[in-house]
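**Q** Sharing a structure below in structure tokens format, with a few things to ask.
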Amino acid sequence: MSCAATLSSAKDSTNANASGGGGGGGGGGAPTNSNTNTNTNTQSTAVGVVVSSAAGTGVGVGGGGGGGGSLPGGTTSSSSASAAGGVAAGGGGNSAAALVRRFSMEGVGARVIRGPDWKWNKQDGGEGHVGTVRNFESAEEVVVVWDNGTAANYRCAGAYDLRILDSAPTGVKHEGTMCDTCRQQPIFGIRWKCAECINYDLCSICYHGDKHHLRHRFYRITTPGGERTMLEPRRKSKKVLARGIFPGARVVRGVDWQWEDQDGGVGRRGKVNEIQDWSSASPRSAAYVIWDNGSKNLYRVGFEGMADLKVVNDAKGSNVYRDHLPLLGENGPGKGPHGFQIGDKVTVDLDLEIVQSLQHGHGGWTDGMFECLSNAGMVVGIDEDHDIVVAYNSGNRWTFNPAVLTKVSSPTTAPPEFQVGDIVKICSDVESIKILQRGHGEWADAMQLTLGKIGRVQQVYHDNDLKVEVGNTSWTYNPLAVCKVASSTASDGSCAPVIPSSERLSAILKKLFEPNVSGDATEEFVKAAANGFAARCEEYLAGAAQPSTSSASPSSGPDVNVNGVFAGHTALQAASQNGHIEVIQVLLRHAVDVEIEDKDGDRAVHHAAFGDEAAVIEILAKAGADLNARNKRRQTSLHIAVNKGHLNVVKTLLTLGCHPSLQDSEGDTPLHDAISKEHDEMLSLLLDFGADITLNNNNGFNALHHAALKGNPSAMKILLTKTNRPWIVEEKKDDGYTALHLAALNNHVEIAELLVHMGKANMDRQNVNLQTALHLAVERQHVQIVKLLVQDGADLNIPDKDGDTPLHEALRHHTLSQLKQLQDVEGFGKLLMGLRNANNKKASASIACFLAANGADLTLKNRKQQTPLDLCPDPNLCKTLVKCYNERKTDDSELPGNVAGTSSSARARAASGSLNQSSSVNMPLSSLAASSTFPAASSSSIFALNGIANEMSQSLHEDPPKSSASLDECLVCSDAKRDTVFKPCGHVSCCETCAPRVKKCLICRETVSSREKIDECLVCSDRRAAVFFRPCGHMVACEHCSALMKKCVLCRTQIDEILSFSLCCGGSGRPEKVSVAAGAMATVGLPLPDDRFMEAAAAAACANASGHSVAMNNTVVTPVAGSSNQLNSQNNLLAAAAASSNVSNLSAAGNAMVAPSNVNNFQMDDVQKLKQQLQDIKEQTMCPVCFDRIKNMVFLCGHGTCQMCGDQIEGCPICRKTVEKRILLF
């Protein structure tokens, strides 16, 4: 079967399941913001009540929270909800309605520039500046968010303010086509078809990039199957430069930002690195941004009309043929090339045989479609193939080939002329009016009360939409949804034109202008309560006086029920949310029920929490309201207050005794919600009132896990500071993941630092797959996490369930395509950048080298009997790894031999030079290297220690020391800072403004041949370049990155001397010679280890030459017997750099196996945590009165004691409530 036949068969099944309608569902979620993003499923209920005599009445309940995050096992969770206050939009629908929604979104997300009828000055930023289509207000009006952050509405019918630059983000694709230049298949966005060549197509990028012959004319095809538009040849057409969010642009968060503080906070900037696809179905709809804080991620720029970013300094895009771009709205949304649009009345006038033939491939034909041959239907949808979905009075919806349909010529196909003051009747068919309202004010559930009622036209808009007053409310209607009162009601609820008598018209007008048209006293009562009219509520309840706005007396009918419900809510709920205390007091005097639930299970206390009404909550609590009541989503008022960020309400609820740790339907406690919403003050408050940190939600996350997953450092710090259960740090989820695993998985460096340093987390804990946090960090190539764990002593050689160590994982990620790019291992600059940048293709190789240089065993085999080297097909990388391993072994043999059993500080001193007994041990490493205590130390040793100091500084996020003010200011103007280096002397004496006027260097008086502005470091891009290389004369690297360089990263010239920035500014000092040892290290491309690694090296030196077992990194490593030449050393590569060749070896430690002191520390920490955990369990289970017996009796308040004490007390010892009933536990 051919591809076309397959598609046709699939399409023919459409009508087989189309009849009968059905419930509609939600749309598919957008992809999570990058694979390592850290949002987790959190939901909340937000209750909204808006009651106004001018704007109508409605109550809405919605959800809030959410996002998606990377979860263990490669799964991704996502949710989205919106807090709804006021009138909630109506839902419902079916498959056809889904098609309507999808088509109505056509064009949303398109990237646009100004069009031929533009008259809005520089709202867009200027000619060629780009924006994103956010949504269509109507068929004539579209909302655009420009890259500069401006959002406004523009014309897209009659006058065209916009041109479509790129429609690929909308998902428009031309199936079966291929760009004949770049081979993109299928073509997304606009298709450009050569009119002079046979079957030659281009995508937009290639068309505007001048591919193919410029003299050839092209057809522009905007939509699949759409009309072709012939264009003039490109050779003489005008081009404009697109500007906006393109690579190189500087950006901040935009209007749709929902990624918390990934950017570092409001106002923090980042740089666009690349334009990418948010999803495979939406190309060029996202931007990859590197923020100034080092964070990197993907953000929406066009996907579903979203704008996560706003440009601060725009960048240049490509040049485009402006006049060849289509106008936005030429084929307006909701209208196809066949001429049909949503709302049209259509019928089938052809013979049955012809219809059946034409339906092949367009939905097919079934026996139930015979009703279509005699009845008219309404167009309710247009699918992606431009087939028409038609609804009939029976409720069935059928898909048709446009060729079988004919428009019905009737008064309803064109809206009648209306004038202000006309009396109209609203259509009574709910489904029809929902469809008609799309693009005409939309539909709201509260409008259902107006169906079939009489109203008066208050305003006629420019697009013929009507503002109609019905009773005390006003709504915007499609003119097709109403008919003039000069009619009577047909049996089916539609309007049939009949002229009424003058008497009937008079009666209608009288009924229309009665203030209480519906005669529903409960409705008026709830409205009065919502608006705070306490006196009027009193009158309604007393039934004695007449409200001033009603001609009908409350006493003339039945008395108003104080618990009466209107629009799903009671008067107490409406007054509670709006904070009308006087109304609430009136209602309480009339014995209102404070525990009545609305349709979502929310009580008055929930509404008060949503409205931030702490005083109302106090009144309700005194009236006996249950503060722990839960709605249908199992949320308490505390959940709602935390989600809405109402601190005063949270304080009031906790003070009044609200339970701080009840779980909702998702298992989330208020602690989880406070962490998700980053409400740190609320988090502290909850913990102060005893919130339980150990409770897990439905995903298995306790509060600590949740903070680690979300990447919330401030929340993690609060949790670790305030918890009295330190053992919770080691608590595992069902899959064995601890909080440290989650931090490593999601690249949350600050979280990992807090857990390791503040929480004393065990870095070697394993999950169900026996993976440690280091395994996960290596697997995801999170370089900073790897460095943190290695530097803090994580075991590098723990195998997972497959026997793989972290080194196995690193090399497994190193694919053959990546290996080909690493043939030149001498290219230190490139390899170093690979270690700095986790997204670089060489990151896995850099991590492997780093692990090998810090103790990873090259000889360990996994379950498949493979060593790490067996997984590395690149011989050059293998040689590098072996070289690291062998040099480490060689350096270990030069260390003193009796320091393994000493303390960590003693071993560090031994590694730094055990012969020096003075206080210089506590000096910085760079000073220590230069001191006179190393008379035989070579320049390579000094350089190596300087590198160690630099690496330590970087790992602690410290910037290099800055020059003094006198060395920093410009010698000419004294206002700006020095930022220009003179060639060839290499001095820095002036700012960029003054430098052109200087002919001779102000420091050495040498003639200036050239000047060069000092830019950011080419390696890390985090700091300014601050080191001058000789002989090439380049200043392109910072002090941190230059420490290990052998060749200039810009010109690849061998470096002989390095001049520091202070020396270039005229400070004291001498140029630093590049040593042989540093050059050798540069070829490996690794950061030098710090003194933590030197401790491990000193510990390993206790083994004698026969190869006895050595304890290091919390693991005992035994060399392979009889293989003296094998790679059995696992110590630091340059641990012995500070020790001279003349240092005498100390006595060996013999054959005793010595464990490092940090192992004992871990054991002591574990014992302490277990003691605290046991004590916590005792406090939870022991009687709070005698502290001798187990609790086995509980009271109705929820607290308990032992039976002996419970029988003797009358009041609860915890809450002091009277004991009404005692329940024994068995």
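Each Cβ is built from the backbone N, Cα and C atoms, and glycine gets one as well.
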**Q** Which one of these stretches, 503-536, 741-774, 1183-1216, shows up in Swiss-Prot as zinc finger?
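**A** Comparing 503-536, 741-774, 1183-1216 with Swiss-Prot, zinc finger matches 1183-1216.
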**Q** Looking at the candidate ranges 970-1005, 1078-1113, report the one that Swiss-Prot labels zinc finger.
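**A** Checking Swiss-Prot against the ranges 970-1005, 1078-1113, the zinc finger one is 970-1005.
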**Q** What is the total of other Cβ atoms whose distance to the Cβ of C206 (Zn(2+) 1 binding site) is within 10 Å?
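**A** C206 (Zn(2+) 1 binding site): 19 neighbouring Cβ atoms within 10 Å.
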**Q** Tell me, if you would, which residue among C179, C182, C203 (binding-site residues) has the fewest other CB atoms within 10 Å in the structure shown?
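**A** Selected from the binding-site residues C179, C182, C203 on minimum Cβ neighbours within 10 Å: C182.
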**Q** Setting C179, C182, C203, C206 aside, what same-chain residues sit with their Cβ within 8 Å of the center of the Cβ atoms that define the Zn(2+) 1 site, listed in sequence order?
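**A** Apart from C179, C182, C203, C206, the close residues are D180, T181, R183, Q184, I187, D201, L202, S204, I205, Y207, K211.
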**Q** Are there residues at least six beyond either end of the zinc finger (1183-1216) with Cβ under 8 Å to its Cβ atoms? List them, or say none.
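**A** 657, 1222-1226.
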**Q** Could you give the number of helix, strand and coil residues in the repeat 'ANK 1' (567-596) as assigned by DSSP?
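**A** Result for the repeat 'ANK 1' (567-596), in helix, strand, coil order: 17 helix, 2 strand, 11 coil.
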**Q** List the helix, strand and coil residue totals of the repeat 'ANK 5' (699-731) as derived from DSSP.
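**A** The composition, in the requested order, is 23 helix, 0 strand, 10 coil.
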**Q** According to DSSP, does C206 (Zn(2+) 1 binding site) sit in a helix, a strand, or coil?
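**A** Where C206 (Zn(2+) 1 binding site) sits, the three-state DSSP reduction gives helix.
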**Q** Over the zinc finger (1017-1052), what is the model's mean pLDDT?
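**A** On average, pLDDT over the zinc finger (1017-1052) sits at 83.
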